[in-house]
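Now, the feature entries from TrEMBL:
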- 305-361: domain 'MIR' (DOMAIN)
- 371-427: domain 'MIR' (DOMAIN)
- 432-488: domain 'MIR' (DOMAIN)
- 25-43: transmembrane segment (TRANSMEM)
- 135-154: transmembrane segment (TRANSMEM)
- 161-180: transmembrane segment (TRANSMEM)
- 200-229: transmembrane segment (TRANSMEM)
- 250-271: transmembrane segment (TRANSMEM)
- 560-581: transmembrane segment (TRANSMEM)
- 602-620: transmembrane segment (TRANSMEM)
- 632-651: transmembrane segment (TRANSMEM)
- 663-684: transmembrane segment (TRANSMEM)
Amino acid sequence: MTSTKNKEPSIKGAPKTSPQSITNWYLTVFIVIVVATAATRFYKVTEPDHVCWDETHFGKMASWYINRTFFFDVHPPLAKMMIALSGKLTGYNGTYPFDKPSDKYNGTKYEGMRIFCTFLGAAIVPMSYETVYDLTGSVLAAFVGAVYLIFDVGMITLNQYILLDPPLLCFMTASLMGMVKVSKYTTSGRSFTTRWWQWLVFTGTMIACTISVKFVGLFIVLLVGLQTISDLWIVLGDLSKPIFYSIKQFMARAVTLIIWPIFLYVLFFYIHLSVLNKSGNGDGFYSSGFQSRLIGNSLYNASMPRNVAYGAVITLKNHKTGGGYLHSHFHLYPKAFGARQQQVTTYTHKDDNNKWIIKPYDKESYGEKNVTLVKHGDLVRLEHLQTRRNLHAHNEKAPITVKHFQVTGYGENGTGDANDIFKVVILNGRENDPIQTVSTKFKLIHYFQHCAVTSSGKQLPKWGFEQQEVSCNPNLRDKNALWNVEDNYFELLPNVSFHVYAPGFFARFFESHAVMLQGNAGLKPKEGEVTSRPWQWPINYKGQYFSGGNYRIYLLGNPIIWWSNLAFLGLFLLTLIIAAIKHQRGYDANEKSEVGENKWRSLQAGVWLFAGWILHYLPFWAMGRVLYFHHYFPAIIFNSMLTGVMFNYLIERMPSWIKQIALGTILGIILYSFKLFYPLAYGFSDASTEKNSTMYGLRWMESWEF
């Protein structure tokens, strides 16, 4: 990513121009870009005045932050904390439920959160303009790239609501801008100046912020890493500098682009875990120790018996990351799924149906005179407190994991049969070791089938209320077959405080990541939810409703912009291959030095933007989780900037009148397409299939559903 040393770039197509004229022209266009961006982004920003699409999630999470209520989410916390802060500062009190899309706000102070997200989304465009200008030295290239972003109705839609996408895209674009600035200062011999350090710290801060919004921020971290390696390689090859200079360059980047971002990332989680200190509906995804730090949780400052005795009422938590509670309810397994006996599942929320009575295997009376502790190797029965049926396993296939045996609830009033007997096996236990609350990990081995009660992690269908399957695995080494006692109610044993078992910050930090990553990998589409596949995104195959009813908002890219983006991307690859072949064959040896320099500068800029596009698009092909159309929008920013670079590259050596015609044509087409499709972003009331509809005739693809 080189730039011309000590030389102001010239405006393409202009005669000899003074540096002051270039600066004035750059600033004039920049102001036009900012005004157009503000006009398109903030127009009707508070409409519709009801919950739109994922505002139901992220608005609700903002409420939980304001109320300091703990919750589980698959994304890191920064953007949600920022949205909550913006709401708090603009009068939102955290009481609106955000139950479902289309719910009216009815006087709720939601506007501040929307405007905040829109502001971050609007910042993308001027930063993209600045980035392309730094890469190419061309105001025209920067202007065209910015125009593609300004008039993309999909980008407008995604940036106007209470979502994680505006912060994500803003921080990603800022990281790219910082990366280009650092490279520009490095290659122009201005390393270790104050401005160089400022841009290095800025870049490190922005990549920390990006990955603290969503884990896909790792893609921009990778791009910055590749650019850093490239810069360091160039520095290393500069024989006019001593080797110590290269070491200083490396150390500066290690501090600002590795250590500093890690510090910020950990700091954001420290704030997150400090703010969310009250028990909420996400507690059950976390370990018993983690929950003991949450005010209002049954384990917070808990006082319970240290050991587990026969006759105790207990809850059992699966010890895997994100594991739920052993749970049962009156509903039976359907006919096609093993015996028609009572369902046993794991459930990640606190519930009375999680409670069991632990009993000796061979008698009904216990704990009335003498307290008997449950120990390693004991044979036990577990009676479900609410339904009075025993935990039971038999030689029937499990409903989902058919290589395992079915686990059910069986019997009446605590009386069942021999298939209710389980052996308690403590992990690394020895004879007479007692089961201790919270800290002891153990397995329940079925006495006759010789299988371990486990949570497969697979979600049951609607007949199982989408809870997780419990089965009995003949493979006794199953790592998901470990359980611990979380709640322990028994009046005949003295209570002790469990505060000593509460984990510290770093233990909770690492557990949070394990739970988030597992949750991310396991995301599945909800019933009726519109999902998509990566091949559909670049061609704008299918959009997504943000709002229905009488005020419809439909997320869809401006088709002219998206399809021409693809065309320019293909042209870039073709041009790069041809230029490389010509260079290798020596056909460009007679080019004027300035012409060749400008050509390769533009192609280098294109290479980095293409790398950004492919890094933010290709990985989704390998993901097994549910995917949505909006996942492509980071990539479209790189593609739009690449379009600006390629448009300028293709016309820069043409006569001025042809350039003006080309620019006028592309602007006219984009503005006309925006005029056609802007109702998708700002709202329309009738379907495209109705002949009198304002959208009639705009359904250019059958897959578009507006």
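Cβ coordinates are placed from backbone N, Cα and C, and glycine is handled just like the others.
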Please figure out which one of 25-43, 161-180, 250-271, 602-620, 663-684 racks up the most CB pairs under 8 Å against the transmembrane segment (135-154).
663-684
Non-local residues, at least 6 beyond the ends, that sit with Cβ under 8 Å of the transmembrane segment (250-271):
76-78, 81, 192, 197, 200-201, 203-205, 207-209, 211-212, 221, 224-225, 228, 232, 505, 509, 512
Distal contacts, the transmembrane segment (663-684) - CB-CB under 8 A, six or more residues away:
43-44, 47-48, 140, 144, 147-148, 151, 153-154, 156-157, 160, 543, 547, 551-556, 558-561, 647, 651, 693-695, 698, 706
Residues from the same chain, set at least six apart from the ends of the transmembrane segment (632-651), whose C-beta lies under 8 A from its own:
12-13, 124, 128, 131-132, 135-136, 138, 140-149, 152, 154-155, 158, 165, 168-169, 172-173, 216, 219-220, 534, 537-538, 557, 561-562, 564-566, 568-569, 571-572, 575, 599, 602-603, 605-606, 609-610, 612-613, 616-617, 620, 658-659, 662-663, 666
Other than its close neighbours in sequence, what residues sit by the transmembrane segment (602-620), given a CB gap under 8 Å and a spacing of at least six beyond its ends?
1-2, 132, 135-136, 138, 141, 176, 180, 216, 219-220, 222-223, 226-227, 534, 537-538, 569, 572-573, 575-576, 579, 627, 631-632, 634-635, 638-639, 641-642, 645-646, 648-649, 652
Report, as numbers and ranges, which residues of the same chain sit near the transmembrane segment (161-180): CB under 8 Å and 6 or more residues beyond its ends.
1, 52-55, 58-59, 62, 75, 78-80, 82-83, 110, 113-114, 117-118, 120-121, 123-124, 127-128, 130-131, 134-135, 199-200, 202-203, 206-207, 209-210, 213-214, 216-217, 220, 223-224, 227-228, 546, 608, 612, 630, 633-634, 637
Cβ under 8 Å to the transmembrane segment (200-229), counting only same-chain residues 6 or more beyond its ends: which ones?
1, 75-79, 164, 167-168, 171-172, 174-176, 178-179, 181-183, 252-253, 256-258, 260-262, 264-265, 268, 516-517, 520, 608, 611-612, 615-616, 619, 631, 634
For the domain 'MIR' (305-361), the number of residues DSSP places in helix, strand and coil:
3 helix, 29 strand, 25 coil
For the domain 'MIR' (432-488), residues assigned helix / strand / coil by DSSP:
6 helix, 27 strand, 24 coil
